[in-house]
Amino acid sequence: MSLNHVPAGKSLPEDIYVVIEIPANADPIKYEVDKDSGAVFVDRFMSAPMFYPCNYGYVNNTLSLDGDPVDVLVPTPYPLMPGSVIRCRPVGVLKMTDESGEDAKVVAVPHSKISKEYEHIQDVGDIPELLKAQITHFFERYKELESGKWVKVDGWADVEAAKAEILQSYERAQNK
């Protein structure tokens with residue numbers, strides 16, 4: 001099943017579709033979904049014995065400054081299957097830099113039609129402090145044992161920054 005036809009969202013940038021690549025709390029394996037075939041490929045076994053604190057995926061038809069689609073973290077009560085698509089609402093963004101340049105991670109919560117559990121989270125300040133600390137900790141350390149790779153977390157930004165990241169990346173992909 002090709003994922004090329006999955007739209008970026010229902011109403012950008014407030015209502016997005018996230019293609020999940022890595023389930024929350026899963027084994028330390030980095031998966032990537034092939035957009036043409038829909039197949040889930042093993043990208044690598046992570047050297048650091050860590051797991052993603054949230055489901056991890058991307059917004060289709062977007063192009064971030066690192067040359068990949070917009071990365072998105074989706075907290076949910078249960079891990080999501082790789083290759084699944086979930087309707088979400090962005091609430092913040094973790095600004096980062098790695099060996100390839102800028103590498104922002106949008107945080108988006110499930111749309112209220114999927115779960116009412118996240119309706120109170122409207123902006124980055126509403127995300128539980130422990131979850132933000134876990135996300136920051138993960139990204140500061142998940143590449144530590146990989147030669148030539150590094151990450152610098154630059155900090156958290158609000159919902160407007162997350163929406164801007166999505167819109168700019170969507171426009172970049174359309175103009176490519």
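Note: Cβ is positioned from N, Cα and C throughout, glycine not excepted.
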ASP66, ASP71 show up in Swiss-Prot as binding Mg(2+) 1; which entry in ASP27, ASP34, ASP36, ASP103 does that record put in the same site? ASP103
Determine which of TYR142, TYR170 appears in Swiss-Prot for the same substrate site as LYS30, ARG44, TYR56. TYR142
TYR56 (substrate binding site) sits from ASP103 (Mg(2+) 1 binding site) (Cα to Cα, rounded, in Å) at a distance of 14
Tell me whether ASP66 (Mg(2+) 1 binding site) sits in a helix, a strand or coil according to DSSP. coil
Please report how many Å separate the Cα atom of ARG44 (substrate binding site) from that of ASP71 (Mg(2+) 1 binding site), as a whole number. 17
ASP71 (Mg(2+) 1 binding site) to TYR142 (substrate binding site): how many Å between their Cα atoms? 16
In whole Å, note down how far the CA of ASP66 (Mg(2+) 1 binding site) lies from the CA of LYS30 (substrate binding site). 17
